[in-house]
Amino acid sequence: KYEQERVQNKSTYWVVFELLWRDFFKFFAVKHGNSIFFLDGTLGKKAHGEHPNSRRWSLDKRHLQAWKEGRTGYPLVDANMRELAASGFMSNRGRQNVCSFLSIDMK
């Protein structure tokens, strides 16, 4: 309604876009509960063709500490984590990259 009565531009588009994503994930979380955080996903199934033991998270606290300090050996991850430590800020793309690394790639 605001866009119809006032103005429609890239900024109003992105507000609506982000609100839709917020609502989608909110309802998804309500429907699936804690399973959204499970390693095997909301369906409790391994990915097609995946070995049952291939998705294990490292429990080595040294790896987690290295990630936090930007000492993983992966320049993109390390630069983003150091930026966060130095400035208190990390871009959205940076957050996506370091989270993906933490949850999928770090061993």
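Even glycines carry a Cβ here, placed using N, Cα and C.
Some features that TrEMBL has for this protein:
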BINDING   E18, L19, L20, W21, R22, D23, F24, F25  FAD binding site
DOMAIN    17-105  domain 'Cryptochrome/DNA photolyase FAD-binding'
Number of helical, extended and coil residues in the domain 'Cryptochrome/DNA photolyase FAD-binding' (17-105), per DSSP: 57 helix, 0 strand, 32 coil
Cβ-based neighbourhood (8 Å from the centroid) of the FAD site, residues E18, L19, L20, W21, R22, D23, F24, F25 excluded: F17, K26
